[in-house]
Amino acid sequence: MTLPLRIGYGEDAHRLAEGRTLVLGGVPIPHAERGPIAHSDGDAVLHALADALLSGLALGDIGQYYPDTDSAHAGVDSRVILEDSLALVREWKYAPANVALVVTLDRPKLGPLRADIARNVATLLGLAETEVGVSFKTSEGLAPDHVQVRVTVLLRQVEG
Ligand SMILES: Nc1ccn([C@@H]2O[C@H](COP(=O)(O)O)[C@@H](O)[C@H]2O)c(=O)n1
Ligand SMILES: C[C@@]1(CO)OP(=O)(O)OP(=O)(O)OC[C@H]1O
């Protein structure tokens, strides 16, 4: 891989159900009536982010490294998935430069948690908080039963 800059893109979606904790970017969301149905902890931000990191270097996706058919990964903390994906990026001598992420969720309002999510994601990636853009959208009632996340990441080549 020779390009000094590479773009990665990732998406994730989970159906929401009662009795589950909604965690986004490693931040538990208070007042969420429902949380994700998932094989792992279902953190859609970290899943989409990990996929974005991998896609930027054409390294596949998290389902290849963490198949949801493998009981060994049941309930896995998504921070581990992200750390593993970041380690692969570093092995190829790249590092994240900045991140833009969009969460689509009808309820609850996430605006008050924007800084917490940005800070947590930045810490996980070794970035400044100002390098993590966090946007929220409702689906306008079109998809009230799921959470959807889309992420772009810019990767920069680093010295070996
Ligand atoms: N779960 C959400 C969804 C949206 N917001 C904020 O609401 C504003 C309007 O969103 P629209 O989808 O109607 O365009 C926007 O400022 C979002 O940041 C939110 O806080 N939590
Ligand atoms: C993370 C994995 C593995 O535990 O499962 P889920 O938590 O269901 O998440 P998803 O984003 O649907 O796919 C990746 C899976 O392999």
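Using N, Cα and C of the backbone, Cβ positions are placed for all residues, glycine too.
According to TrEMBL, the protein has these features:
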- Asp12, His14, His47: divalent metal cation binding site (BINDING)
- Asp12, Ala13, His14, His39, Ser40, Asp61, Ile62, Gly63: 4-CDP-2-C-methyl-D-erythritol 2-phosphate binding site (BINDING)
- 5-153: domain '2-C-methyl-D-erythritol 2,4-cyclodiphosphate synthase' (DOMAIN)
- His39: site 'Transition state stabilizer' (SITE)
- Thr138: site 'Transition state stabilizer' (SITE)
Could you state the whole-number distance in Å separating the C-alpha atoms of Gly63 (4-CDP-2-C-methyl-D-erythritol 2-phosphate binding site) and His47 (divalent metal cation binding site)?
10
Cα-Cα, Asp12 (divalent metal cation binding site) versus Asp61 (4-CDP-2-C-methyl-D-erythritol 2-phosphate binding site), nearest Å, comes out at 11
Within 8 Å of the Cβ centre of Asp12, His14, His47, which other residues of the chain have their Cβ, at the recorded divalent metal cation site?
Ala13, Pro36, Ala38, Gly42, Asp43, Ala44, Val45, Ala48, Val147, Val149
Could you tell me which of the binding-site residues Asp12, Ala13, His14, Asp61, Gly63 have their C-beta within a distance under 6 angstroms of some atom of ligand 1?
none
Quick note, Thr138 (site 'Transition state stabilizer'): same-chain residues at least 6 apart with CB under 8 Å of its CB -> Thr104, Leu105, Asp106
Using DSSP reduced to three states, classify Ala13 (4-CDP-2-C-methyl-D-erythritol 2-phosphate binding site) as helix, strand or coil.
strand
Sorting the binding-site residues Asp12, Ala13, His39, His47 by sequence and keeping only those with a Cβ under 6 Å from ligand 2 gives Asp12, His39, His47
How far is it from Ser40 (4-CDP-2-C-methyl-D-erythritol 2-phosphate binding site) to His14 (divalent metal cation binding site), counting Cα to Cα, in Å?
11
Tell me which of the binding-site residues His14, His39, His47 sits in the most Cβ-dense spot, judged by other Cβ atoms within 10 Å.
His47
Helix, strand, coil: count each for the residues of the domain '2-C-methyl-D-erythritol 2,4-cyclodiphosphate synthase' (5-153), based on DSSP.
52 helix, 46 strand, 51 coil
Would you identify which of the binding-site residues Asp12, Asp61 has the most other C-beta atoms lying within 10 angstroms of its C-beta?
Asp12
Could you say which of the binding-site residues Ala13, Ile62 has its Cβ with the most other Cβ atoms inside 10 Å?
Ile62
Enter the number of other CB atoms within 10 angstroms of the CB of Gly63 (4-CDP-2-C-methyl-D-erythritol 2-phosphate binding site).
12
Across the domain '2-C-methyl-D-erythritol 2,4-cyclodiphosphate synthase' (5-153), the model's average pLDDT, rounded to a whole number, is 97
